Amino acid sequence: MTYNRDEESPSPTPKKPKRNKYAFMCAILASMASILLGYDVGVMSGAAIYIKKDFQINDVQEEVMIGVINLYALIGAAAAGRTSDWIGRRYTMVLAGVIFFLGAILMGFATNYEFLMFGRFVAGIGVGYALMISPVYTAEVSPASSRGFLTSFPEVFINFGVLLGYISNFFFSKLPLHLGWRFMLGIGVFPSIFLAVVVLVMPESPRWLVMQGQVGKAKKVLDKTSDSIQESEQRLADIKSAAKIPLDSTADVVTIPKQATHGKDVWKDLFLHPTPSVRHVLIAAVGLHFFQQASGIDSVVLYSPRIFENAGIKSDSEKLLATVAVGFSKTVFILVATFLLDRVGRRPLLLTSVAGKMVSLVTLGLGLTVIEQHEDVKLTWAVGLCIAMVLCDVAFFSIGMGPIAWVYSSEIFPLKLRAQGASVGVIVNRVTSGVITMTFLSLTKAITIGGAFFLYAGIAAISLVFFYVVFPETQGKTLEDMEGLFGNLLWKFSKHRHFHKNDVGDVAQLQLHTNA
(Lines of atoms letter the chains of each structure in order from A and count residues from 1; the text may use other names and numbers.)
(Lines give C-alpha, C1' and ligand atoms only; values in the text may rest on other atoms or scores of the structure.)
Protein backbone atom coordinates (compact mmCIF):
# COMPACT_ATOMS: atom_id res chain seq x y z
CA MET A 1 0.00 0.00 0.00
CA THR A 2 1.33 3.46 -0.95
CA TYR A 3 0.26 6.91 0.06
CA ASN A 4 1.25 10.48 -0.51
CA ARG A 5 3.48 11.28 2.49
CA ASP A 6 3.07 15.04 2.00
CA GLU A 7 -0.72 14.85 2.10
CA GLU A 8 -1.47 12.09 4.58
CA SER A 9 1.38 12.07 7.08
CA PRO A 10 1.06 14.63 9.84
CA SER A 11 4.07 16.85 10.31
CA PRO A 12 6.20 15.44 13.09
CA THR A 13 6.19 17.35 16.35
CA PRO A 14 9.74 18.35 17.22
CA LYS A 15 10.95 16.46 20.27
CA LYS A 16 11.92 18.55 23.24
CA PRO A 17 15.66 18.10 23.78
CA LYS A 18 16.84 16.23 26.83
CA ARG A 19 18.19 18.35 29.63
CA ASN A 20 21.86 19.08 29.18
CA LYS A 21 23.54 17.38 32.14
CA TYR A 22 26.68 19.50 31.98
CA ALA A 23 24.68 22.76 32.05
CA PHE A 24 22.56 21.24 34.83
CA MET A 25 25.64 20.58 36.99
CA CYS A 26 27.08 24.05 36.27
CA ALA A 27 23.78 25.63 37.35
CA ILE A 28 23.68 23.60 40.56
CA LEU A 29 27.27 24.46 41.50
CA ALA A 30 26.82 28.17 40.74
CA SER A 31 23.52 28.37 42.57
CA MET A 32 25.11 27.09 45.76
CA ALA A 33 26.27 30.68 46.28
CA SER A 34 22.66 31.51 47.13
CA ILE A 35 22.79 29.21 50.16
CA LEU A 36 24.74 31.97 51.90
CA LEU A 37 21.78 34.37 51.93
CA GLY A 38 19.23 31.65 52.68
CA TYR A 39 21.19 30.31 55.62
CA ASP A 40 21.65 33.79 57.12
CA VAL A 41 17.93 34.58 56.76
CA GLY A 42 16.83 31.29 58.28
CA VAL A 43 19.36 31.15 61.09
CA MET A 44 18.91 34.75 62.20
CA SER A 45 15.17 34.27 62.70
CA GLY A 46 15.89 31.88 65.55
CA ALA A 47 19.29 33.14 66.71
CA ALA A 48 17.75 36.55 67.38
CA ILE A 49 15.68 35.03 70.22
CA TYR A 50 18.84 34.06 72.09
CA ILE A 51 21.00 37.04 71.08
CA LYS A 52 18.31 39.33 72.50
CA LYS A 53 18.47 37.48 75.82
CA ASP A 54 22.28 37.25 75.86
CA PHE A 55 23.09 40.86 74.93
CA GLN A 56 19.93 42.37 76.52
CA ILE A 57 18.99 44.34 73.39
CA ASN A 58 15.65 46.06 72.69
CA ASP A 59 13.20 45.54 69.80
CA VAL A 60 14.70 48.32 67.65
CA GLN A 61 18.20 46.88 68.01
CA GLU A 62 16.80 43.44 67.20
CA GLU A 63 15.08 44.51 63.99
CA VAL A 64 18.14 46.49 62.89
CA MET A 65 20.38 43.48 63.58
CA ILE A 66 18.09 41.21 61.57
CA GLY A 67 17.44 43.48 58.60
CA VAL A 68 20.62 45.52 58.21
CA ILE A 69 22.49 42.75 56.39
CA ASN A 70 20.30 43.55 53.39
CA LEU A 71 21.67 47.10 53.31
CA TYR A 72 25.22 45.85 53.76
CA ALA A 73 24.61 43.53 50.81
CA LEU A 74 24.23 46.63 48.62
CA ILE A 75 27.98 47.14 48.72
CA GLY A 76 28.63 43.65 47.42
CA ALA A 77 25.84 43.83 44.83
CA ALA A 78 26.99 47.22 43.55
CA ALA A 79 30.59 46.04 43.24
CA ALA A 80 29.78 42.59 41.84
CA GLY A 81 28.80 43.78 38.35
CA ARG A 82 32.09 45.51 37.65
CA THR A 83 34.09 42.87 39.56
CA SER A 84 32.59 40.04 37.49
CA ASP A 85 33.40 41.93 34.29
CA TRP A 86 37.00 42.29 35.44
CA ILE A 87 37.87 38.91 36.97
CA GLY A 88 35.10 36.71 35.57
CA ARG A 89 31.93 35.19 36.94
CA ARG A 90 33.67 32.20 38.56
CA TYR A 91 36.21 34.08 40.63
CA THR A 92 33.56 36.55 41.73
CA MET A 93 31.74 33.59 43.30
CA VAL A 94 34.96 32.52 45.04
CA LEU A 95 35.29 36.06 46.40
CA ALA A 96 31.70 35.91 47.70
CA GLY A 97 32.46 32.70 49.58
CA VAL A 98 35.66 34.07 51.13
CA ILE A 99 33.96 37.27 52.34
CA PHE A 100 31.01 35.40 53.86
CA PHE A 101 33.45 32.99 55.55
CA LEU A 102 35.10 35.92 57.33
CA GLY A 103 31.71 37.34 58.31
CA ALA A 104 30.52 34.04 59.78
CA ILE A 105 33.72 33.74 61.86
CA LEU A 106 33.30 37.28 63.19
CA MET A 107 29.63 36.73 64.08
CA GLY A 108 30.35 33.43 65.83
CA PHE A 109 33.02 35.01 68.05
CA ALA A 110 31.19 38.29 68.72
CA THR A 111 31.54 39.45 72.32
CA ASN A 112 29.00 42.28 72.17
CA TYR A 113 26.32 43.81 69.97
CA GLU A 114 28.73 46.13 68.15
CA PHE A 115 31.13 43.30 67.30
CA LEU A 116 28.21 41.23 66.02
CA MET A 117 27.06 44.10 63.79
CA PHE A 118 30.54 44.35 62.26
CA GLY A 119 30.42 40.63 61.47
CA ARG A 120 27.05 41.15 59.79
CA PHE A 121 28.55 43.99 57.77
CA VAL A 122 31.26 41.71 56.37
CA ALA A 123 28.85 38.81 55.78
CA GLY A 124 26.42 41.18 54.05
CA ILE A 125 29.01 42.15 51.44
CA GLY A 126 29.53 38.46 50.65
CA VAL A 127 25.77 37.95 50.37
CA GLY A 128 25.51 40.86 47.91
CA TYR A 129 28.21 39.39 45.67
CA ALA A 130 26.60 35.94 45.74
CA LEU A 131 23.08 37.23 45.04
CA MET A 132 24.12 39.11 41.91
CA ILE A 133 26.55 36.72 40.28
CA SER A 134 24.85 33.36 40.74
CA PRO A 135 21.77 33.96 38.51
CA VAL A 136 23.84 35.84 35.90
CA TYR A 137 26.31 32.98 35.50
CA THR A 138 23.52 30.39 35.40
CA ALA A 139 21.61 32.29 32.71
CA GLU A 140 24.75 32.64 30.60
CA VAL A 141 25.58 28.92 30.55
CA SER A 142 21.99 27.66 30.14
CA PRO A 143 20.45 26.63 26.80
CA ALA A 144 17.20 28.42 25.96
CA SER A 145 15.13 25.22 26.29
CA SER A 146 15.83 24.93 30.03
CA ARG A 147 16.98 28.40 31.06
CA GLY A 148 13.91 29.03 33.23
CA PHE A 149 14.44 25.70 34.98
CA LEU A 150 18.15 26.27 35.55
CA THR A 151 18.06 29.98 36.46
CA SER A 152 15.48 29.25 39.14
CA PHE A 153 18.12 27.22 40.98
CA PRO A 154 19.49 30.24 42.92
CA GLU A 155 16.06 30.64 44.55
CA VAL A 156 15.97 26.87 45.18
CA PHE A 157 19.22 27.11 47.11
CA ILE A 158 18.09 30.25 48.96
CA ASN A 159 15.16 28.20 50.20
CA PHE A 160 17.40 25.25 50.98
CA GLY A 161 19.65 27.61 52.95
CA VAL A 162 16.64 28.95 54.87
CA LEU A 163 15.63 25.38 55.74
CA LEU A 164 19.18 24.58 56.90
CA GLY A 165 19.12 27.72 59.05
CA TYR A 166 15.83 26.72 60.66
CA ILE A 167 17.10 23.20 61.35
CA SER A 168 20.33 24.62 62.80
CA ASN A 169 18.28 26.84 65.12
CA PHE A 170 16.21 23.93 66.37
CA PHE A 171 19.17 21.69 67.20
CA PHE A 172 21.58 24.30 68.60
CA SER A 173 18.83 25.81 70.75
CA LYS A 174 19.49 22.95 73.18
CA LEU A 175 22.96 24.37 73.98
CA PRO A 176 23.61 26.93 76.76
CA LEU A 177 22.44 30.46 75.94
CA HIS A 178 25.90 31.94 75.26
CA LEU A 179 26.90 29.05 72.96
CA GLY A 180 23.76 28.17 71.03
CA TRP A 181 23.44 31.27 68.86
CA ARG A 182 27.21 31.34 68.24
CA PHE A 183 27.07 27.85 66.76
CA MET A 184 23.99 28.82 64.74
CA LEU A 185 25.82 31.72 63.10
CA GLY A 186 29.33 30.26 63.01
CA ILE A 187 28.32 27.06 61.22
CA GLY A 188 27.81 29.27 58.16
CA VAL A 189 31.55 28.94 57.43
CA PHE A 190 31.00 25.48 55.94
CA PRO A 191 28.73 26.46 53.00
CA SER A 192 31.15 29.27 52.12
CA ILE A 193 34.19 26.96 52.14
CA PHE A 194 32.36 24.41 50.00
CA LEU A 195 31.31 27.12 47.55
CA ALA A 196 34.84 28.50 47.13
CA VAL A 197 36.15 25.00 46.35
CA VAL A 198 33.46 23.71 43.94
CA VAL A 199 33.44 26.89 41.85
CA LEU A 200 36.99 26.10 40.74
CA VAL A 201 35.80 23.02 38.80
CA MET A 202 33.22 25.03 36.85
CA PRO A 203 33.86 26.51 33.39
CA GLU A 204 33.85 30.27 32.92
CA SER A 205 30.77 31.92 31.41
CA PRO A 206 30.94 31.72 27.58
CA ARG A 207 29.56 35.23 27.26
CA TRP A 208 32.25 36.61 29.57
CA LEU A 209 34.92 34.70 27.61
CA VAL A 210 33.72 36.26 24.35
CA MET A 211 33.78 39.73 25.95
CA GLN A 212 37.45 39.01 26.77
CA GLY A 213 38.11 37.99 23.16
CA GLN A 214 38.53 34.29 24.06
CA VAL A 215 36.17 32.98 21.39
CA GLY A 216 37.80 29.55 21.17
CA LYS A 217 37.35 28.84 24.87
CA ALA A 218 33.78 30.15 24.72
CA LYS A 219 32.97 27.76 21.87
CA LYS A 220 34.20 24.78 23.91
CA VAL A 221 31.93 25.76 26.82
CA LEU A 222 28.96 26.34 24.50
CA ASP A 223 29.47 22.93 22.85
CA LYS A 224 29.16 21.33 26.30
CA THR A 225 26.24 23.42 27.59
CA SER A 226 24.05 23.51 24.45
CA ASP A 227 21.43 20.96 23.43
CA SER A 228 23.04 20.50 20.00
CA ILE A 229 26.03 21.64 17.94
CA GLN A 230 23.65 23.74 15.84
CA GLU A 231 22.39 25.54 18.95
CA SER A 232 25.98 26.03 20.12
CA GLU A 233 26.90 27.66 16.82
CA GLN A 234 23.80 29.87 16.93
CA ARG A 235 24.47 30.93 20.53
CA LEU A 236 28.09 31.77 19.64
CA ALA A 237 26.96 33.79 16.62
CA ASP A 238 24.44 35.71 18.75
CA ILE A 239 27.06 36.47 21.41
CA LYS A 240 29.63 37.55 18.80
CA SER A 241 27.03 39.83 17.23
CA ALA A 242 26.21 41.39 20.62
CA ALA A 243 29.93 41.86 21.30
CA LYS A 244 30.44 43.50 17.85
CA ILE A 245 32.70 40.69 16.61
CA PRO A 246 32.42 39.97 12.84
CA LEU A 247 30.42 36.78 12.32
CA ASP A 248 32.86 35.55 9.66
CA SER A 249 35.77 35.72 12.10
CA THR A 250 37.16 32.24 12.88
CA ALA A 251 40.00 33.27 15.18
CA ASP A 252 40.11 31.70 18.64
CA VAL A 253 41.36 34.95 20.16
CA VAL A 254 40.19 38.38 19.01
CA THR A 255 40.73 41.93 20.22
CA ILE A 256 37.78 43.53 21.98
CA PRO A 257 37.57 47.31 22.48
CA LYS A 258 38.44 48.17 26.08
CA GLN A 259 35.12 49.90 26.71
CA ALA A 260 33.24 46.76 25.62
CA THR A 261 35.36 44.64 27.94
CA HIS A 262 35.13 46.68 31.09
CA GLY A 263 31.65 48.14 30.85
CA LYS A 264 32.44 51.77 30.09
CA ASP A 265 29.26 53.79 29.47
CA VAL A 266 27.10 50.95 30.81
CA TRP A 267 25.53 53.11 33.52
CA LYS A 268 24.91 55.87 30.97
CA ASP A 269 23.15 53.40 28.67
CA LEU A 270 21.07 52.11 31.59
CA PHE A 271 19.96 55.38 33.18
CA LEU A 272 20.80 58.47 31.12
CA HIS A 273 20.25 57.45 27.51
CA PRO A 274 18.37 54.13 27.50
CA THR A 275 16.61 52.90 24.37
CA PRO A 276 12.85 52.27 24.74
CA SER A 277 13.62 48.56 25.05
CA VAL A 278 16.26 49.05 27.77
CA ARG A 279 13.97 51.46 29.64
CA HIS A 280 11.19 48.85 29.63
CA VAL A 281 13.62 46.15 30.78
CA LEU A 282 14.87 48.38 33.60
CA ILE A 283 11.35 49.23 34.78
CA ALA A 284 10.40 45.55 34.70
CA ALA A 285 13.48 44.37 36.62
CA VAL A 286 13.36 47.13 39.25
CA GLY A 287 9.60 46.75 39.74
CA LEU A 288 9.78 42.98 40.08
CA HIS A 289 12.52 43.10 42.71
CA PHE A 290 10.76 45.89 44.60
CA PHE A 291 7.39 44.16 44.77
CA GLN A 292 8.97 40.78 45.55
CA GLN A 293 10.20 42.18 48.85
CA ALA A 294 7.64 44.94 49.51
CA SER A 295 4.90 42.31 49.77
CA GLY A 296 6.51 41.18 53.02
CA ILE A 297 8.08 37.79 52.37
CA ASP A 298 11.17 38.48 54.49
CA SER A 299 9.01 39.66 57.37
CA VAL A 300 7.19 36.33 57.27
CA VAL A 301 10.42 34.31 57.03
CA LEU A 302 12.61 36.30 59.45
CA TYR A 303 9.93 37.00 62.05
CA SER A 304 8.05 33.72 61.83
CA PRO A 305 8.84 32.92 65.51
CA ARG A 306 7.27 36.30 66.46
CA ILE A 307 4.26 35.60 64.26
CA PHE A 308 3.77 32.19 65.84
CA GLU A 309 4.16 33.74 69.28
CA ASN A 310 1.43 36.27 68.48
CA ALA A 311 -0.67 33.37 67.19
CA GLY A 312 -0.45 31.71 70.61
CA ILE A 313 2.65 29.46 70.52
CA LYS A 314 4.79 30.37 73.55
CA SER A 315 7.48 27.66 73.80
CA ASP A 316 10.76 28.57 72.04
CA SER A 317 11.32 25.00 70.84
CA GLU A 318 7.76 24.79 69.45
CA LYS A 319 8.21 28.11 67.64
CA LEU A 320 11.48 26.92 66.11
CA LEU A 321 9.90 23.61 65.13
CA ALA A 322 7.09 25.51 63.39
CA THR A 323 9.69 27.53 61.45
CA VAL A 324 11.16 24.26 60.16
CA ALA A 325 7.73 23.60 58.61
CA VAL A 326 7.93 27.05 56.96
CA GLY A 327 11.33 26.21 55.50
CA PHE A 328 10.08 22.83 54.29
CA SER A 329 7.09 24.45 52.58
CA LYS A 330 9.30 27.02 50.82
CA THR A 331 11.70 24.35 49.62
CA VAL A 332 9.06 21.94 48.32
CA PHE A 333 7.19 24.57 46.33
CA ILE A 334 10.31 26.12 44.82
CA LEU A 335 11.13 22.65 43.48
CA VAL A 336 7.65 22.54 41.93
CA ALA A 337 8.27 25.93 40.32
CA THR A 338 11.54 24.84 38.69
CA PHE A 339 9.69 22.21 36.66
CA LEU A 340 6.88 24.57 35.64
CA LEU A 341 8.88 27.61 34.49
CA ASP A 342 9.76 26.18 31.06
CA ARG A 343 6.43 24.37 30.68
CA VAL A 344 3.83 26.86 31.88
CA GLY A 345 5.83 30.05 31.34
CA ARG A 346 6.84 32.95 33.55
CA ARG A 347 3.72 35.14 33.38
CA PRO A 348 1.10 32.59 34.48
CA LEU A 349 3.21 31.50 37.44
CA LEU A 350 3.96 35.08 38.46
CA LEU A 351 0.33 36.21 38.36
CA THR A 352 -0.89 33.08 40.17
CA SER A 353 1.78 33.55 42.82
CA VAL A 354 0.81 37.16 43.55
CA ALA A 355 -2.91 36.39 43.67
CA GLY A 356 -2.28 33.53 46.10
CA LYS A 357 -0.11 35.75 48.32
CA MET A 358 -2.87 38.38 48.46
CA VAL A 359 -5.40 35.86 49.77
CA SER A 360 -2.89 34.34 52.24
CA LEU A 361 -1.81 37.72 53.65
CA VAL A 362 -5.38 38.98 54.08
CA THR A 363 -6.40 35.76 55.83
CA LEU A 364 -3.28 35.81 58.04
CA GLY A 365 -4.05 39.41 59.01
CA LEU A 366 -7.61 38.46 59.89
CA GLY A 367 -6.49 35.49 61.98
CA LEU A 368 -3.93 37.52 63.94
CA THR A 369 -6.44 40.33 64.49
CA VAL A 370 -9.04 37.91 65.88
CA ILE A 371 -6.45 36.35 68.23
CA GLU A 372 -5.32 39.80 69.40
CA GLN A 373 -8.91 40.76 70.21
CA HIS A 374 -9.48 37.56 72.23
CA GLU A 375 -6.28 37.45 74.30
CA ASP A 376 -8.01 35.77 77.24
CA VAL A 377 -9.20 32.81 75.17
CA LYS A 378 -7.03 30.46 73.15
CA LEU A 379 -8.72 30.08 69.78
CA THR A 380 -7.28 26.85 68.44
CA TRP A 381 -8.88 27.29 65.02
CA ALA A 382 -7.34 30.76 64.65
CA VAL A 383 -3.89 29.49 65.67
CA GLY A 384 -4.17 26.73 63.07
CA LEU A 385 -5.40 29.22 60.47
CA CYS A 386 -2.43 31.54 61.06
CA ILE A 387 0.09 28.71 60.79
CA ALA A 388 -1.60 27.46 57.61
CA MET A 389 -1.57 30.97 56.07
CA VAL A 390 2.12 31.44 56.82
CA LEU A 391 2.80 28.15 55.02
CA CYS A 392 0.52 29.19 52.13
CA ASP A 393 2.20 32.58 51.82
CA VAL A 394 5.71 31.14 51.50
CA ALA A 395 4.39 28.42 49.16
CA PHE A 396 2.77 30.92 46.78
CA PHE A 397 5.89 33.08 46.92
CA SER A 398 8.12 30.13 46.07
CA ILE A 399 6.03 29.02 43.13
CA GLY A 400 6.30 32.37 41.33
CA MET A 401 7.62 35.64 42.73
CA GLY A 402 10.62 34.00 44.38
CA PRO A 403 12.33 32.30 41.43
CA ILE A 404 10.96 34.51 38.65
CA ALA A 405 12.60 37.67 40.04
CA TRP A 406 16.00 36.05 39.50
CA VAL A 407 15.07 34.33 36.23
CA TYR A 408 13.73 37.52 34.65
CA SER A 409 16.47 39.88 35.82
CA SER A 410 19.24 37.54 34.67
CA GLU A 411 17.80 36.97 31.19
CA ILE A 412 16.19 40.20 29.98
CA PHE A 413 19.15 42.63 29.98
CA PRO A 414 21.28 42.93 26.82
CA LEU A 415 24.76 41.34 27.06
CA LYS A 416 26.65 44.62 27.57
CA LEU A 417 24.29 45.69 30.37
CA ARG A 418 23.62 42.28 31.94
CA ALA A 419 26.00 42.23 34.91
CA GLN A 420 25.32 45.83 35.97
CA GLY A 421 21.60 45.52 35.20
CA ALA A 422 21.33 42.44 37.38
CA SER A 423 23.22 44.24 40.15
CA VAL A 424 20.65 47.07 40.01
CA GLY A 425 17.92 44.48 40.58
CA VAL A 426 19.78 43.03 43.56
CA ILE A 427 20.30 46.52 45.02
CA VAL A 428 16.58 47.31 44.81
CA ASN A 429 15.78 43.87 46.22
CA ARG A 430 18.07 44.27 49.22
CA VAL A 431 17.14 47.91 49.94
CA THR A 432 13.46 47.01 49.98
CA SER A 433 14.07 43.92 52.09
CA GLY A 434 16.19 45.97 54.50
CA VAL A 435 13.50 48.59 54.94
CA ILE A 436 10.77 45.97 55.40
CA THR A 437 12.69 43.83 57.91
CA MET A 438 14.15 46.77 59.86
CA THR A 439 10.71 48.30 60.41
CA PHE A 440 8.51 45.23 60.96
CA LEU A 441 8.45 45.29 64.76
CA SER A 442 7.90 49.06 64.81
CA LEU A 443 5.16 48.69 62.20
CA THR A 444 3.34 46.06 64.24
CA LYS A 445 3.37 48.38 67.25
CA ALA A 446 2.00 51.24 65.14
CA ILE A 447 -0.79 49.45 63.23
CA THR A 448 -0.89 45.99 64.95
CA ILE A 449 0.57 42.81 63.51
CA GLY A 450 -2.66 42.07 61.64
CA GLY A 451 -2.59 45.56 60.13
CA ALA A 452 0.98 44.97 58.91
CA PHE A 453 -0.14 41.98 56.87
CA PHE A 454 -3.14 43.86 55.49
CA LEU A 455 -0.63 46.47 54.28
CA TYR A 456 1.51 43.80 52.61
CA ALA A 457 -1.61 42.40 50.93
CA GLY A 458 -2.41 45.84 49.52
CA ILE A 459 1.10 46.11 48.07
CA ALA A 460 0.67 42.65 46.53
CA ALA A 461 -2.57 43.82 44.87
CA ILE A 462 -0.73 46.77 43.28
CA SER A 463 2.02 44.44 42.08
CA LEU A 464 -0.53 42.20 40.36
CA VAL A 465 -1.61 45.11 38.14
CA PHE A 466 2.03 46.08 37.50
CA PHE A 467 3.04 42.57 36.43
CA TYR A 468 -0.01 42.18 34.19
CA VAL A 469 0.77 45.40 32.33
CA VAL A 470 4.57 45.35 32.14
CA PHE A 471 5.74 41.76 31.68
CA PRO A 472 5.92 39.91 28.36
CA GLU A 473 6.48 36.15 28.25
CA THR A 474 10.16 35.19 27.79
CA GLN A 475 9.76 31.41 27.80
CA GLY A 476 11.86 29.71 25.10
CA LYS A 477 13.57 32.88 23.85
CA THR A 478 17.36 33.11 23.59
CA LEU A 479 19.12 35.76 25.66
CA GLU A 480 20.02 37.65 22.51
CA ASP A 481 16.34 37.72 21.42
CA MET A 482 15.17 39.42 24.61
CA GLU A 483 15.54 43.00 23.44
CA GLY A 484 12.82 42.48 20.80
CA LEU A 485 10.30 41.52 23.50
CA PHE A 486 10.53 44.89 25.24
CA GLY A 487 9.94 48.49 24.24
CA ASN A 488 6.16 48.95 24.47
CA LEU A 489 4.88 49.08 28.05
CA LEU A 490 1.26 48.83 26.90
CA TRP A 491 1.78 45.76 24.75
CA LYS A 492 -0.76 43.82 26.75
CA PHE A 493 -3.58 46.18 25.82
CA SER A 494 -3.04 46.10 22.06
CA LYS A 495 -6.20 45.33 20.11
CA HIS A 496 -4.24 42.53 18.43
CA ARG A 497 -4.43 40.04 21.28
CA HIS A 498 -4.40 36.99 18.97
CA PHE A 499 -0.66 36.63 18.61
CA HIS A 500 0.98 33.45 19.79
CA LYS A 501 2.38 33.79 23.30
CA ASN A 502 5.95 33.59 21.96
CA ASP A 503 5.30 36.40 19.46
CA VAL A 504 3.14 38.75 21.51
CA GLY A 505 6.16 40.64 22.83
CA ASP A 506 7.73 41.23 19.42
CA VAL A 507 7.39 45.00 19.31
CA ALA A 508 8.23 45.49 15.66
CA GLN A 509 5.62 42.96 14.52
CA LEU A 510 3.05 44.35 16.94
CA GLN A 511 3.50 47.90 15.64
CA LEU A 512 3.36 46.70 12.03
CA HIS A 513 -0.04 45.07 12.59
CA THR A 514 -1.31 48.02 14.61
CA ASN A 515 -0.46 50.50 11.87
CA ALA A 516 -1.99 48.33 9.15
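Backbone N, Cα and C atoms are what each Cβ position is placed from, and that goes for glycine too.
Pulled from TrEMBL, these are the features on record:
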- 26-475: domain 'Major facilitator superfamily (MFS) profile' (DOMAIN)
- 22-51: transmembrane segment (TRANSMEM)
- 63-81: transmembrane segment (TRANSMEM)
- 93-111: transmembrane segment (TRANSMEM)
- 117-137: transmembrane segment (TRANSMEM)
- 149-167: transmembrane segment (TRANSMEM)
- 179-202: transmembrane segment (TRANSMEM)
- 320-341: transmembrane segment (TRANSMEM)
- 347-371: transmembrane segment (TRANSMEM)
- 383-408: transmembrane segment (TRANSMEM)
- 420-441: transmembrane segment (TRANSMEM)
- 453-471: transmembrane segment (TRANSMEM)
Looking only at the domain 'Major facilitator superfamily (MFS) profile' (26-475), what is the model's average confidence as pLDDT?
87
Could you give the residue numbers and ranges of same-chain residues that sit at least 6 residues beyond the transmembrane segment (420-441) on either side and whose C-beta is under 8 angstroms from one of its C-beta atoms?
59-60, 62-64, 66-71, 73-74, 77-78, 80-82, 128, 131-132, 135-136, 263, 266-267, 270, 281-282, 285-286, 288-290, 292-294, 296, 298-299, 302-303, 306, 405, 409-410, 413, 452
Contact set, same chain, for the transmembrane segment (22-51): CB under 8 Å, 6 or more residues outside the stretch:
57, 62, 65-66, 69, 73, 89, 93, 96-97, 100, 116, 123, 126-127, 130-131, 133-134, 137-138, 141-143, 146, 150-151, 153-166, 168-170, 173, 177, 180-181, 184-185, 187-188, 191-192, 194-195, 198-199, 201-203, 224-226, 298, 301-305, 316, 319-320, 323, 327
Do the transmembrane segment (347-371) and the transmembrane segment (93-111) share at least 3 Cβ pairs closer than 8 Å, excluding pairs fewer than 6 residues apart in sequence?
no
